[in-house]
Amino acid sequence: MANSRRDKADSYTQKAHKEGYPARSVYKLEEINQNHRIIKPGDTVLDVGAAPGSWTLYTHRMLIKGNGRIISCDLNPLNLSPIPPTVTEITGDAFSAQIRARLVELGPYDAIISDAAPMTTGNRTVDTTRSEALAENVLMLAQEQLKKGGNLVIKIFQGGGQEAILKNMRTIFEKAKAFKPKASRDDSFEIFLIGLNKK
């Protein structure tokens, strides 16, 4: 069983590198968008926790198809060369006053996507608590900067707190649900919270 999980992970990693993406996480966004149509051509998209850049590059190539804008924000720089012409890269903490002001200036957004994860400790309780706090910050940003009718994707580690966040999302969006893509590792406790059609 362990070998089959590793083989699955390796196949996604190899496919990502073959297709020019820095990480296998690209296939999570691909499946989410195929199921829920989060992003469409012409959209202005905010990618929070964007590095190394797979979600940003996939959004540029396959979703907005070069017609739209992507604001990519992370503590670390994107590992993309060249940076696609639709992308504005911001290196820093999306929730600091200075960076937040810049994100507001570049918004509002048709979609906000976040594959961000906290620094992990190996202690599941600590890690899930940090992940929930990060998800709540992204949701707060979405409340302020997502256009009416806009969509949201947030990664979160399952630990119980995701239900309260989903309940809150249902007051903000017409529909909200949890989703685990096939490209997530079988033993991973990450899921994605999806908000559709902001009220």
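Placement of Cβ uses the backbone N, Cα and C atoms for every residue, glycine included.
Matching Asp43, Asp110, Asp115 to the S-adenosyl-L-methionine binding residues that TrEMBL gives (Gly53, Trp55, Asp74, Asp93) identifies Asp115. Counting every protein chain shown, the number of other Cβ atoms lying within 10 Å of the Cβ of Lys155 (active site, proton acceptor) is 22.
For the pair Gly53 (S-adenosyl-L-methionine binding site) and Lys155 (active site, proton acceptor), the C-alpha distance works out to 15 angstrom.
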